[in-house]
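Written out below as structure tokens is the structure these notes cover.
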Amino acid sequence: MKVAVLGAAGGIGQALSLLLKTGLPAGSELSLYDVAPVVPGVAVDLSHIPTAVKVAGFGADALNEALKDADIVLIPAGMPRKPGMDRADLFNVNAGIIKTLAEGIVASCPKALVGIITNPVNGTVPIVAEVFKKAGTYDAKRVFGITTLDVIRSEAFVAELKGVDVATVKVPVIGGHSGTTILPLLSQVEGVSFTDEEVAALTPRIQNAGTEVVNAKAGGGSATLSMGAAAARFCMSLVKGLQGEDVVDYAYVAVENGDAEYFAHPVRLGKNGVEEILSYGELSAFETKAKNDMLETLKKDIKEGVDFMA
């Protein structure tokens, strides 16, 4: 099993790489790529951790080598959000980075499962898909926007609010991965119930949790540690799927005849990536209105990504 992390020297990339070094199955390879000159040092640093995962670092001119024979590629590369910026402000900076990296994947490991972390995910996932389409190697089952951060935040916030064991909390989150496009389905959380007031307060807290971190770090960064944990969790779901286990997780994927061209759904994962896109079930009146209200924004975000590649 070979996992490549593109953007491994950044805040998310380092946290993610650490968790993969300690969490991937024995015998796995962890390939770290970044344009930052520190990346070989990150690889050396991680290599001192005694686990049976081999680590190698690759600099700016070695993208193809970093990606060769990768089974899974995770992309946290790009510019992080700063105070006053929203995810849309990142598009102009990060769209070009994502395009270049996707072209590298097409050249070196077109059959890999590709997990996209780089914001704005609503628009960067379509860019990757369009690069694959242009090359004639697109497989919708193998391209994912990683929305796990919305799920783990929801789990943490619900457990905190209700005073329950976080290990027992499961919160479905659908839609997109920024602002109001993030839709936690609190009506489907088992074992707890919420008042209308709690739903009205908790939903925007989940949607704006990234801003909460950006502001709390006072210009010193964005959500790197929690995002690293979220991406590692999703990567382990992909690994289990590749190993033949039956895994259901949430991801932003291409959907046919769905709410939008791309939408976060529960998905059954397996050896081909997405084996099945599952229904997100019944929505409450609040959730139905929230979904209908945000679809225009989500579709605009998607169009921006597609148009960038036109």
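Any Cβ shown, glycine's included, is placed from N, Cα and C.
Per Swiss-Prot, active site, proton acceptor is recorded for His177. Annotation comment: Swiss-Prot describes Gly7, Ala8, Ala9, Gly10, Gly11, Ile12, Gly13, Asp34, Asn94, Ile117, Thr118, Asn119, Met227 as NAD(+) binding site. The substrate binding site annotation in Swiss-Prot covers Arg81, Arg87, Asn119, Arg153.
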Cα-Cα distance, maximum over Gly7, Ala8, Ala9, Gly10, Gly11, Ile12, Gly13, Asp34, Asn94, Ile117, Thr118, Asn119, Met227, record's NAD(+) binders, Å: 18
Packing count at Gly13 (NAD(+) binding site) (other Cβ atoms within 10 Å of its Cβ): 28
By Cα-Cα distance, the member of recorded positions Arg81, Asn119, Arg153, His177 nearest Gly7 (NAD(+) binding site): Asn119
Nearest-integer angstrom distance between the alpha carbons (Cα) of His177 (active site, proton acceptor) and Asn119 (substrate binding site): 8
Residues that sit under 8 angstroms from Asn94 (NAD(+) binding site) by C-beta distance, when 6+ apart in the chain: Gly78, Met79, Thr118, Asn119, Pro120, Thr124
Nearest recorded site to Arg153 (substrate binding site) by CA-CA distance, among binding-site residues Ala9, Gly11, Gly13, Met227: Met227
Gly7, Gly11 as binding-site residues, winner by CB count within 10 A: Gly7
Alpha-carbon spacing, Gly11 (NAD(+) binding site) to Arg81 (substrate binding site), which is rounded to whole Å: 12
